[in-house]
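Student: Okay, handing you the structure first.
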Amino acid sequence: MENNREGPYSVLTRDQLKGNMKKQIAEISEIFSLSKPDATVLLMFLRWDSHEVSEFLVENNEKVLSESGLKPVVVDPNQDLYKISSCGICFKTCDDGDYLISTPFCSHMFCKSCWRKYLEKNFYLVEKTQTRISCPHGACQAAVGPDTIQKLTVCDQEMYVEYILRSYIEGNKVLEIKYCPAQDCNYVIEFHQKNHDGADQEDYGFNVVCLCGHIFCWRCMLESHKPVTCNNASDWLFRDLNSLSKESGEKPLSLSSFETREKTYPLSSIKATKKVCPHCLRPADLGTKQYLRFLTCACNGRFCWKCMQPEEAHKTESGFYKFCNVSMTFEGRAPKTLEGRAEPENSCVGLWKASEVSLKQAKSDLQAFEESNIKNPSDLTEKDFTIIRKGLMLIVQCRQVLKWSCVYDYLHAEYEMSKREYLRFLQADATSLVESFSKTLNEEIGRASSATYENFCCVKHKVTIETSNIGNYFYHFIKTLQEGLDDVKVKSYDDYGGLFWLCDRCTYGNTWFHKECLMCSDDIAARVDLSDMSLN
């Protein structure tokens, strides 16, 4: 769905990553006739850059070996190495000289217990990896490599291997490698910088699809959030969504606040003289003019204050006003009040929640398909299985895009109402397309389980074509949103310049410091005089 080019990353297991690391060590060892422990120390010291290692070994061999700790340390001629029987840290005496261990480049001897404490405290349990592990002796720069570690316990050796692998992942300046952020996932992602188009992905990042099924943004490591930027996604998850969902999130709307679209109004400020406009669901205030029968909201909608029906419902064919029936409802529904109002289904939070339900269902369908194939292997080849799985995986991606398009909707200013309406149209069209594709795919999966090979060839071709079509559709859907829906003009005010922007709804001039129209966002609706209406 991103595009048709080769993916800029590879999904690897830890064993595959270890294999790549060992291969790199073996190449340096073979080319420059170094031992593998020394090659490991050199690569770790130069942050796994084989090209830089080659240059240093060719141009200044002695210098790089000395700086990395691979040159022997000058031993005190008066020191008798055979008489050393005590640890250099804890000073415990050992009868067996083999119990004390030193590096191949110095004569500083330490017991296994002190080696473990030193390595754990300064390297293994430290969050940031170092480019070199040196001898525990304070002034000694001798390198500690695999040949020294293999003299320690098995547990110490395993911890060292994990540390080297962590250095390969976190300290690698040639390859960009990250763990998949999904819970209980052990896959790692290797990023190919040569395929990366940094300018296009600077703000939005790009989606990574792990083999575990998790889709996330490489740049910020949050779940995939296109078409919004990484900063917008972070603000939404950790600030905006929390504030918007305090009363209308997982629980029913409480009486402590009233949420309408993106703005929250405390109920303490909404008096008995306020009701919800049946046209735009905004608070409308009758104020001191309680003798008025009809009220004009900021959205230009007029309604009866008693029965909440539109003004047209009170007119006869001759144009005269008739008595209103308070028991009547607006369009067959009960009058809306602030206390009993539920969250609008078309609000950003409501759409977000509905999209999350659909996304969970798509992930559940994908997991069910994989588990059924493991428990009850079918006659499908690996290629056929991949085609169907790719279609189910695409549905998950599309559902995630639709989910985050709700945040894109939330970010639009009030004066971009035309773009918002067009966005809602695109969302509805995309949702319909995904649902149709999902239904078709489930039908074809059912046929594939019982179809002959000849019939499945037709099924496979149909799934492949539709997967390609919907992938291209959503690629352009994302691109259209990221470009800001430029094809839609917000009336004539898009080209208006100066110190103010004009609201698309009421044409009020707002300063550029205000994202929402000050007039329309006011919780007090516009009021009309007696001269503006007829009273019975």
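Glycine is no exception: its Cβ is also placed from the backbone N, Cα and C atoms.
According to Swiss-Prot, the record shows the following:
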- 83-328: region 'TRIAD supradomain' (REGION)
- 87-140: zinc finger (ZN_FING)
- CYS87, CYS90, CYS111, CYS114: Zn(2+) 1 binding site (BINDING)
- CYS106, HIS108, CYS135, CYS140: Zn(2+) 2 binding site (BINDING)
- 158-230: zinc finger (ZN_FING)
- CYS180, CYS185, CYS210, CYS212: Zn(2+) 3 binding site (BINDING)
- CYS217, CYS220, HIS225, CYS230: Zn(2+) 4 binding site (BINDING)
- 277-307: zinc finger (ZN_FING)
- CYS277, CYS280, CYS297, CYS299: Zn(2+) 5 binding site (BINDING)
- CYS304, CYS307, HIS314, CYS324: Zn(2+) 6 binding site (BINDING)
- 495-526: zinc finger (ZN_FING)
Student: Between CYS111 (Zn(2+) 1 binding site) and CYS212 (Zn(2+) 3 binding site), what is the CA-CA distance rounded to a whole number of Å?
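Tutor: Their Cα atoms are separated by 44 Å.
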Student: At the Cα level, what's the spacing in Å between CYS304 (Zn(2+) 6 binding site) and CYS220 (Zn(2+) 4 binding site), rounded?
Tutor: 51
Student: May I ask you to report the DSSP-based helix, strand or coil state of CYS217 (Zn(2+) 4 binding site)?
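Tutor: Once the DSSP labels are grouped into three classes, CYS217 (Zn(2+) 4 binding site) ends up as strand.
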Student: Take the C-alpha atoms of HIS225 (Zn(2+) 4 binding site) and CYS307 (Zn(2+) 6 binding site) and report the distance between them in angstrom, rounded.
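Tutor: Approximately 43 Å lies between the Cα of HIS225 (Zn(2+) 4 binding site) and that of CYS307 (Zn(2+) 6 binding site).
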Student: DSSP says what for the zinc finger (158-230): how many helix, strand, coil residues?
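Tutor: Residue counts for the zinc finger (158-230) by secondary structure: 21 helix, 15 strand, 37 coil.
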Student: Output the one of CYS90, CYS114, CYS212, CYS297 that, of all these binding-site residues, has the highest number of other Cβ atoms within 10 Å of its Cβ.
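Tutor: Per the Cβ count, the most surrounded site is CYS297.
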Student: Using Cα coordinates, what distance in whole Å links CYS210 (Zn(2+) 3 binding site) and HIS108 (Zn(2+) 2 binding site)?
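Tutor: Rounded to the nearest whole number, the Cα-Cα distance is 47 Å.
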Student: So around the Zn(2+) 1 site, CYS87, CYS90, CYS111, CYS114 aside, which residues have their CB within 8 A of the centroid of those CB atoms?
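Tutor: Neighbours found: GLY88, ILE89, PHE91, LYS92, LEU100, PHE110, LYS112, SER113, TRP115.
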Student: What Cα-Cα separation, expressed in whole Å, is found between CYS230 (Zn(2+) 4 binding site) and CYS180 (Zn(2+) 3 binding site)?
Tutor: 17
Student: Going by C-alpha positions, which of the binding-site residues (CYS87, CYS90, HIS108, CYS220) is nearest CYS180 (Zn(2+) 3 binding site)?
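Tutor: Going through CYS87, CYS90, HIS108, CYS220 one by one, the Cα closest to that of CYS180 (Zn(2+) 3 binding site) is CYS220.
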Student: Going by DSSP, is CYS114 (Zn(2+) 1 binding site) part of a helix, a strand, or coil?
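Tutor: SS state of CYS114 (Zn(2+) 1 binding site) = helix.
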Student: Looking at the binding-site residues CYS87, CYS185, CYS217, CYS220, CYS307, whose Cα is closest in space to that of CYS140 (Zn(2+) 2 binding site)?
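Tutor: Closest by Cα distance to CYS140 (Zn(2+) 2 binding site) among the binding-site residues CYS87, CYS185, CYS217, CYS220, CYS307: CYS87.
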Student: Let's check the environment of CYS307 (Zn(2+) 6 binding site): how many other CB atoms sit within 10 Å of its CB?
Tutor: 18
Student: Round to the nearest Å and give the CA-to-CA distance linking CYS135 (Zn(2+) 2 binding site) with CYS297 (Zn(2+) 5 binding site).
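Tutor: Their Cα atoms are separated by 78 Å.
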Student: So, three-state DSSP: helix, strand or coil for CYS87 (Zn(2+) 1 binding site)?
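Tutor: Looking at the DSSP assignment, CYS87 (Zn(2+) 1 binding site) belongs to neither helix nor strand, so coil.
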